[in-house]
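In what follows, a single structure is set out as structure tokens and then discussed.
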Amino acid sequence: MGPRARPALFFLILLRTVAAQGRPPRSHSLRYLFMGASERDHGLPLFEALGYVDDELFVAYNHESRRAESRAQWVLGEAHSQLWLQLSQSLKGWDHMFIVDFWTIMDNHNHSKESHTLQVILGCEVQEDNSTRGFWMYGYDGQDHLEFCPETLDWRAAESRALTTKLEWEVNKIRAKQNRAYLERDCPEQLQWLLELGRGVLDQQVPPLVKVTHHVASAVTTLRCQALNFYPQNITMRWLKDRKPVDVKDAESKDVLPSGDGTYQSWVALAVPPGEEQRYTCQVEHPGLDQPLTATWEPSLSNTLVTGVISGIAVCVIIFLIGILFRILRKRQASRGAMGDYVLAECE
């Protein structure tokens, strides 16, 4: 895997991981993604930042311009507001912090003469009951490296090479407290401000289109439940057998992915015994639905029609053959009857 692909893969995995960690149907999130390369050959600047609200990109920043640029229509009018200026200052501070952390990690790995990448994801989720969850994670060369634990003000090392940096950072309690203050106070406040700005856009709810399809391959029958064109991306999909939940280990699910038009899509599949398809139901929960939606597989009209036509033709052929056989038998009987009358006449 090339150096450019590693940061992208890391962020794709992190985005899915953070989004999938039990987010309730009506929670909201604010995430900042930082990335940088020590050398230009990785195709990245020394520092670049992207900000997302509920997976909607709203701000971008890089080390060369040193200014925050809006990336969404609903924040264009806030370029000179006090909160936007505070956001710009935060990004400038993170720019400096990122570079210092980058050199620290490289020094602790004795990598000062090589080209490497650093990735960071930090932010918070605010749930419907106003409870919050913060996250602050580092990746080095596309691999998990360190994760901040706000409850204990410690860092969790994802690999043994990160232990030196972990111990070094844990000595700085002032920074740890500042990190926690951001995750538990400043980040939720920023998120609420952004949600107010994006009202009518971020709070829209588009219910999913749900359908169940039927597939047979290598003697295995599979039902696939598809949810299409929904927003936001928070969705729960499960299979029921005779109205009882099926063990999630038996089902194959796909991550929620963007459709390309601002909506999302996902699916969950299940292998079922042939002939028992009607015992299984797909249940979908989404903020755009007033109540859980259920769907079952129904044979398409074309399949039913083809089956009916084939059955009809088969019946007609059978009737035709029976008719021919009946006529042959009658002719034979008639022929035998005529011969019998002729012989009797001669005897008289």
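Cβ atoms here come from the backbone N, Cα and C positions, even for glycine.
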Ask   = If you look at what Swiss-Prot says, which of C124, C149, C282 makes a disulfide link with C187?
value = C124
Request  = Choose one of C225, C347: the cysteine that Swiss-Prot connects to C282 by a disulfide bond.
outcome  = C225
Ask   = Which three-state DSSP class does N130 (N-linked glycosylation site) fall into?
value = coil
Inter-residue Cα distance where the pair is C124 (disulfide bond) and N234 (N-linked glycosylation site), in Å = 16
Inquiry  = Whole-number answer please: how many Å between the C-alpha atoms of C282 (disulfide bond) and N130 (N-linked glycosylation site)?
reply    = 31
Request  = Mind tallying the region 'Alpha-1' (23-114) by DSSP state, helix then strand then coil?
outcome  = 36 helix, 25 strand, 31 coil
Query = Would you list the DSSP helix, strand and coil counts for the residues of the region 'Alpha-2' (115-205)?
reply = 36 helix, 30 strand, 25 coil
